[in-house]
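The structure appears below as structure tokens.
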Amino acid sequence: MSSTEVPGEVSTSVSSYFDTILILDFGSQYSHLIARRLREIHVYAELLPCTQKIEALPFKPIGVILSGGPYSVYDDIAPHVDPAVFELGVPVLGICYGMQEIAWLNGRCVEPGIEREYGPATVSMEPEIKTEVFKSFFNSMPKEFEVWMSHGDRLSALPNGYETIGRTKNSPFAVIAHVTKPIIGLQFHPEVTHTPLGLQLIKNFAIEICHAKPNWSMENFVDKEILRIRKMIGPSDHVIGAVSGGVDSTVASKVLKEAIGDRFHAIMVDNGLLRLNEAEIVRETLNKHLGIQLTVVDASEEFIGKLKGVTDPEKKRKIIGNTFIHVFEREAERIVKETNGKVEYLLQGTLYPDVIESISFKGPSQTIKTHHNVGGLLKDMKLKLIEPLRELFKDEVRALGELLGIEHSLVWRHPFPGPGLGIRILGEVNAAQLEIARKADHIFITEIRNHGYYDKISQAFAALLPVKAVGVMGDKRTHEQVIALRAITTSDFMTADWYDGFSIKFLKLVSSRICNEVSGVNRVLYDISSKPPATVEME
């Protein structure tokens, strides 16, 4: 059953309104895909670190999935799940490391494999399955099916109280299940596309075994979210909204506008790190298409002054985040005086991938970098954050934007990071570097639009590298800076591929324009790194 709200309190979790499957993350690169697959079948899922204490959960899940991970369960430093997971009385599905965790906790029957197993394999069903409940798990599945393996350890024996449901050539315990309890383990990864019928298995677990109601949709989400915001804000308080013009802040602003009307104040901080003519474009866009009056606060000198001499990426993000909050607090005080109201909340367009990337715990996962929407904020911040998109993936945000009637060109606009050009200039940020990065980026994006590539790409930008290269212009030797172009395609920004659709003619044109029109640049590179191992942004 779904979690219920405590009378008199305002729920801050989407899980209060939808049947929720909890995913405990052991550090697998595929963990986020589990959540995505569940949401594709309209079942809500939340991902939390494997160290999550069950007694501290703000909701009761209707099922739990233990993800894969890079460690061996028998290592001293291996992470382990809170045993209380198995006392919740809900179905549990262990995937790869998650399955080995189940086996380790029930007999220590995990050992190094004779051979590592990476790649495709064929699972064969056992002819007789004693565990009646798990016949549902293989509903609509053939007796043999292809799966994707990615493991170095194996089960040395069946855990106490379990039986074998499926096996592969190299894995005699590829699928196991408890004889009496709704606990199942898979040695393979059903969440990846390389397991063609994996989505059916996930659906069977969620719908047939956990009995989840498949009612997760943007239509159901937005009405509940607007009501939640109204309860949280009350009848007289005001909210200031951090607006950048990107799809995230635009959709978030529209949600707030729908919830509290003119008590929402959209504010854009011109931190001096914006794209060319960005403030003017965003002001016109919000006024014309959304009916939202935008206040632009020019704090460029304040930001750039504090970034002087700073080259470390994390320090830059922290400085930008802290300064951002200070500026907003000042603006909130102004609005309080003008409206005789009360400003307690700051809107941010934080998305679920932002949250996942920023999770750090004592286990295999490492914080890759402080995300600009959830990190870099002062611990003593006076404003409370309100993040209506916090539980959504990017494709869900776009679907929500279209549902709210936002114009297609706005919904599908490429993202722009909160720290702006500050993290696209590798090294120290100053006026001269900003001029170079801004002009190069403008040329790149303009040509992408002109040549019909824009809607085929998820994000593109030009970055200024902290190196100089020797070149020749006319008959003179030059020693100038280097621009790196980056364009990626992705469905959720958790993983991404570099875009390979540009023609050589197009790249030649962009390179020529940048070298000729941007003073101080004599070399242009194209970044062909995917995520992972790279991140989308360079800092």
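Just so you know, glycine gets a Cβ as well, placed from its N, Cα and C.
Over in Swiss-Prot, the protein carries these features:
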{"type": "DOMAIN", "residues": "20-215", "note": "domain 'Glutamine amidotransferase type-1'"}
{"type": "ACT_SITE", "residues": "C96", "note": "active site, nucleophile"}
{"type": "ACT_SITE", "residues": "H189", "note": "active site"}
{"type": "ACT_SITE", "residues": "E191", "note": "active site"}
{"type": "DOMAIN", "residues": "216-413", "note": "domain 'GMPS ATP-PPase'"}
{"type": "BINDING", "residues": "S244, G245, G246, V247, D248, S249, T250", "note": "ATP binding site"}
{"type": "BINDING", "residues": "R317, D475, K531, E537", "note": "XMP binding site"}
*Per DSSP, to which secondary structure element type does K531 (XMP binding site) belong, with helix, strand and coil as the options?*
strand
*Express the distance between the Cα positions of S249 (ATP binding site) and D475 (XMP binding site) as a whole number of Å.*
49
*Could you check the recorded positions H189, R317, K531 and say which one's CB has the fewest neighbouring CB atoms inside 10 Å?*
K531
*Of the recorded positions listed here (E191, S244, G245, G246), which is spatially closest to K531 (XMP binding site) when Cα positions are compared?*
E191
_Please identify, among the binding-site residues G246, V247, T250, the one with the smallest Cα-Cα distance to D475 (XMP binding site)._
G246
*Distance [Cα-Cα, Å, rounded] between C96 (active site, nucleophile) and H189 (active site)*: 7
_I'd like to confirm something. Which of the recorded positions, H189, R317, E537, has a Cα closest to the Cα of G246 (ATP binding site)?_
E537
*Any idea what DSSP makes of D248 (ATP binding site), helix, strand or coil?*
helix
*Alpha-carbon spacing, E537 (XMP binding site) to H189 (active site), which is rounded to whole Å*: 28
*Check R317 (XMP binding site) against DSSP and tell me helix, strand or coil, would you?*
helix
*What three-state class does DSSP give E537 (XMP binding site)?*
coil
